[in-house]
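> Just passing along the structure, written as structure tokens.
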Amino acid sequence: MNNRQSVLMEALPYIRKFHKKTIVIKLGGHAMVDSAIMNSVVQDAVLLHYVGMRVVLVHGGGPEITLKMKALGKEARFVGGLRVTDEETLEIAQMVLAGKIGNMIVSMIAKNGAKGVGISGNDGGLVIAEKTPIRKMMVGDEEVEVDLGFVGDVKEINSNLLETLLDAGYIPVISPLALDRKGNDLNINADTMAGEIAVALKAFKLISLTDVDGVMNKERTEIFHRLTLKNVDALMSDGTISGGMIPKLEASVNAVRHGVEGAHILNGNSEHNLLLELFTNDGVGTMITASMISL
């Protein structure tokens, strides 16, 4: 059996296992500003769709938002890996997320032969959120009170809307925006939204595509390919996890604790990493499960 044949045969049991299962993929990192990388990811998502998986895409846009802010002479501010969002930043986020990136992904899906529907969390009551309260966070070695501004915590997901789109053969493309119960706009961390949507849809998999190869050790020399919830708690406690990896792991842990079978964090900048993670025995990134089992 040659290498091509062995790759296909290695994929077969996974394709069979994942058939008709729901997978939520969070697109983030450099792919948001590199159309070639984005198209490669979209090709993978369309392939998953055509082998029988129910695919939901949730996209970020952090690098693009930061570039737009810089062009307008505004500096981005982050605390604990979360963007501080004032009114002007919220307007920029809405323009970039729902206006530019969402439309670009839907167009790429169409060019690759599938049907995408671009929606944001504030369409059709898809996501109801509440403003994130002022809270104490560690900034360096100091504990400070932080107001993230127009940033929300997800409270409700209208899963029926997404199920209707999936049943009709569409790939939902979701921008991480939401409304509160009074109709006020809020920005939602894309990792958090993807995790909550995965829980609401009872998804089999949650995938986070980012700029790093997975969850790394403190020295950043080694990837943890398999982690349990207990492992993640230990890494969070000893300071191994920091910056933008914090919300990714928090979303992954929350999803797994609420029934998602496996959460994966991997580099989305290498061609077809998504397929290698899902359809090969060794994978390429980090998989988080409730216990050390193979999925």
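For all residues, glycine too, the Cβ spot is worked out from N, Cα and C.
The site 'Transition state stabilizer' annotation in Swiss-Prot covers Lys26, Lys248 and rests on sequence analysis. The substrate binding site annotation in Swiss-Prot covers Gly61, Gly62, Arg83, Asn187 and rests on sequence analysis.
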> From the Cα of Lys26 (site 'Transition state stabilizer') across to the Cα of Asn187 (substrate binding site), what is the distance in angstrom?
16
> Look at each of the binding-site residues, Gly61, Gly62, and point out the one with the fewest other Cβ atoms around it within 10 Å.
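Per-residue Cβ counts within 10 Å for the binding-site residues Gly61, Gly62 bottom out at Gly62.
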> Starting from the Cβ centroid of Gly61, Gly62, Arg83, Asn187, the recorded substrate site, name every other residue in that chain with its Cβ within 8 Å, sequence order please.
Gly60, Ile65, Thr85, Ala93, Leu97, Pro176, Asn189, Ala190
> Which of the listed recorded sites (Lys26, Lys248) has the least company, meaning the fewest other Cβ atoms within 10 Å of its Cβ?
Lys248
> Measuring Cα to Cα, how many Å separate Gly61 (substrate binding site) from Lys26 (site 'Transition state stabilizer')?
11
> With every protein chain in view, how many other Cβ atoms are within 10 Å of the Cβ of Arg83 (substrate binding site)?
20
> Over the residue list Gly61, Gly62, Arg83, Asn187, recorded for substrate, what is the maximum interresidue Cα distance in Å?
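This binding site's residues have a maximal Cα-Cα distance of 11 Å.
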> Could you check what DSSP calls Lys26 (site 'Transition state stabilizer') once collapsed to helix, strand or coil?
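Reduced to three states, the DSSP call for Lys26 (site 'Transition state stabilizer') is strand.
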> Taking just the CA atoms, what is the gap between Lys248 (site 'Transition state stabilizer') and Lys26 (site 'Transition state stabilizer') in Å?
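That comes out at 10 Å between the alpha carbons.
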